[in-house]
Amino acid sequence: SDGTDRKAKEVASPLGLSVRGTGGEHTPIGADGTVDISPRARLFIKEKEIIQNLYDGISLLLEEEKKAGGAKSASADGPYAAFLASLDEVRATQPQNLCAKYLTTDLFNSFNDEQKAILEQCARTGVENPSSALGCYAMTPSDYDVLNAFFDPVIRDYHGASADSVHITDWDASDVGENGVLDMSKLGLDELSMRVRVGRNLTSFNLPGAMDQAERIEFEKTMLTAFDKLISMEEYGGQVYSLTPDFGNGEENPNKITEEEYQELVDAHIMFKNMDDDPYLKSAGIASDWPYGRGCYVSADKQFIIWFGEEDQLRIMCMKKGSKLNEVFDRLRAGLDAVESIDGIDFATSDKYGYVTSCPSNLGTGMRASVHIKLPNLTSDGTDRKAKEVASPLGLSVRGTGGEHTPIGADGTVDISPSARLCIEEAEIICALYQGIEQLMEKEKAAKL
């Protein structure tokens with residue numbers, strides 16, 4: 001690194017190696033540090049020993065080179081040296097990890113100290129879970145703007161978006177299907193479990209990964225005002241179920257439920273599962289302080305649900321059994337309008353990416369529209385492999401009915417949803433789901449033949 005071969009010779013000499021420039025004796029080393037290495041011994045040594053000594057010497061020399069580089073890196077990268085070294089390793093071994101792909105040492109060091117601290121938090125899950133496809137979560141609503149040099153290439157790579165793409169929000173589905181109705185009974189599917197949900201976060205709080213226990217409790221108490229408003233409305237009613245043991249300083253939680261009640265809600269797919277079991281959320285800090293600040297609001301008819309304290313501050317969803325996709329879509333839109341009209345509720349948005357979510361994969365609409373359908377022929381081998389092979393080209397994701405990374409139902413029931421979130425309008429998502437299911441059912445029938 002000093003432009004000479006002095007240090008290299010000091011290390012090589014005790015190993016019985018000579019160091020010189022690549023042009024021969026008395027020539028300078030290469031500009032990139034390339035040198036010519038050879039064993040010195042010629043007399044009273046066998047030919048095979050020369051080649052073995054060269055190999056052994058180079059091995060030891062490279063160890064010393066690595067140590068020298070590590071010392072330099074530790075000095076240059078300070079407290080983040082180990083973190084950056086881990087990123088380098090993930091980048092080399094896990095090419096699908098978009099966080100490691102784009103977060104190079106040079107890019108990391110281009111940020112100021114405060115930004116580096118946040119960025120290290122954002123990327124931690126990708127380092128600790130190297131098999132991740134994305135490997136990063138935002139920690140504050142402003143991260144996608146402040147840390148844009150990192151997040152933008154990750155987002156565009158994942159979503160396949162061009163550099164000049166800007167997300168547009170549009171819920172108007174009045175011109176879809178027949179007279180604005182997408183009726184799956186026309187596909188031979190009369191009664192399905194339909195669900196549409198969106199992720200939302202308030203501008204006035206950190207995203208879940210950066211919240212501490214006190215902020216989680218404060219967020220829950222803020223949302224209780226909104227839930228009270230919904231409960232007072234005839235079309236919603238309902239109640240709040242909270243997992244928070246207490247609000248601190250001797251303040252009891254009037255909505256606290258028992259462990260048995262919680263499990264009943266999980267089994268009914270109304271409440272989310274224990275987040276401590278998710279290594280990705282755990283590494284990101286999103287699962288921290290469990291179960292404080294966690295719970296849900298459920299309407300009287302149990303069709304409109306709001307989770308609080310999960311991957312996003314809020315997961316707002318509408319679910320019902322039926323065949324008309326528009327009904328669940330329109331109910332969710334009305335519910336969102338009702339929630340956002342309440343004082344103090346201001347959803348975080350980005351001019352470029354739409355609604356802000358913890359995971360870059362959900363940016364844009366933040367929406368996941370899904371139905372549970374039976375595909376016994378495409379799942380006849382007990383797996384969803386064939387179903388995924390058919391669904392993927394249609395822009396659909398397939399997973400178990402219990403959520404991501406869960407098995408398919410014994411009767412072949414799977415959860416189907418469009419993959420796109422960013423640079424797609426809300427109305428397009430519901431249409432994509434209908435059209436995708438139509439084509440998927442054709443493949444299911446063909447598989448029976």
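Cβ atoms are placed via backbone N, Cα and C, with glycine included.
The domain 'Phosphagen kinase C-terminal' annotation in TrEMBL covers 1-68 (among others). Residue counts of the domain 'Phosphagen kinase C-terminal' (1-68) by helix, strand and coil are 32 helix, 10 strand, 26 coil (DSSP-based).
For 1-10, the entry in TrEMBL reads compositional bias 'Basic and acidic residues'.
The feature region 'Disordered' is assigned by TrEMBL to 1-32.
Annotated ATP binding site per TrEMBL: 20-25, 193-197, H269, R315, 368-372, 399-404, in sequence order. For the recorded site, G402 (ATP binding site), the DSSP three-state label reads coil.
Sequence annotations record features per position, and here TrEMBL assigns domain 'Phosphagen kinase N-terminal' to 79-160.
Taken from TrEMBL, the feature domain 'Phosphagen kinase C-terminal' covers 190-447 (among others).
Of all the binding-site residues listed (R20, R315, R399), R315 sits in the most crowded Cβ setting, with the most other Cβ atoms within 10 Å. Across the binding-site residues listed here (S193, S370), the residue whose Cβ sits among the most other Cβ atoms within 10 Å is S370.
One residue stands out among the binding-site residues G23, G402 for having the most other Cβ atoms within 10 Å of its Cβ: G402. Around the Cβ of V196 (ATP binding site), the same chain contributes M317, C318, M319, V328, F329, L332, M367, R368, A369, S370, I430, each under 8 angstroms and 6 or more positions distant in sequence. In the three-state DSSP scheme, R315 (ATP binding site) falls into the strand class.
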